[in-house]
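J.: Below are the features I grabbed from TrEMBL:
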DOMAIN    3-170  domain 'Cytochrome b561 bacterial/Ni-hydrogenase'
TRANSMEM  12-29  transmembrane segment
TRANSMEM  41-59  transmembrane segment
TRANSMEM  79-101  transmembrane segment
TRANSMEM  141-161  transmembrane segment
Amino acid sequence: MTRYTVVARALHWIMAALIIANLVLGFAHEALPRDWGVMPLHKSIGLTVLALTVCRIVWRLTHRPPFLPKEMPGWEKSAAHVTHLAFYALMLVVPLSGWIMTSAGSRPLTWFALFDVPKFAVGREDALTSLAHESHELLPWLWSALLLLHIGAALRHHLVLKDDVLRRMT
Ligand code: HEM
């Protein structure tokens, strides 16, 4: 097998677009006018990412990805595996922490204004709410740094090493 399945490729690129959009919206939200509705959009995109992550984990566990090139050094394979594992953790923890944080507030939570999303039973002063707040502020920076590394590595394989690593996902 030389390529990822069509489902894995679709999930990868749709989620990449949604995650990058949400990092930008999250970092920029304070500078943007409130009446643009940036935060409701941010929350809806984030909940979509969480739902797609569950699908993606199920797909990943039931479908073996293509093997990495034999000539790839061991350290590089390990670095790729650790980064990918970190992405799965971030795709779960960042949206979940946003959801917990929002649950402690009084505003209703909807998915693209189409239906109400239930909230967790947490209060503003709960330890879980502060942990969620801290995580939601710090982890997106780690995520952005790992994304740059991931994109850099993919481009290096494609443009410098000229192997099939990026093409397997396109
Ligand atoms: C892919 C998923 C997500 C990403 C990448 C993401 C990213 C971010 C980023 C970068 C910030 C700015 C943090 C800062 O520097 O202050 C932020 C803020 C925020 N996010 Fe998310 N987020 C995601 C999902 C969610 C979800 C699912 C919700 C709620 C349902 C949510 C609610 C919020 C709220 C309320 C803030 C404002 C925090 C504040 O200003 O106090 N996020 N997010």
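Yeah, the Cβs are placed from backbone N, Cα and C, and that goes for glycine too.
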J.: Could you pull out which residues elsewhere in the chain have a CB under 8 Å from any CB of the transmembrane segment (41-59), counting only those six or more residues past its ends?
T.: 5, 7-8, 11, 14-15, 18-19, 21-22, 25-26, 29, 88, 91-92, 94-96, 98-99, 102, 109-112, 117
J.: Per-residue pLDDT averaged over the domain 'Cytochrome b561 bacterial/Ni-hydrogenase' (3-170) comes to what?
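T.: Mean pLDDT, the domain 'Cytochrome b561 bacterial/Ni-hydrogenase' (3-170): 96.
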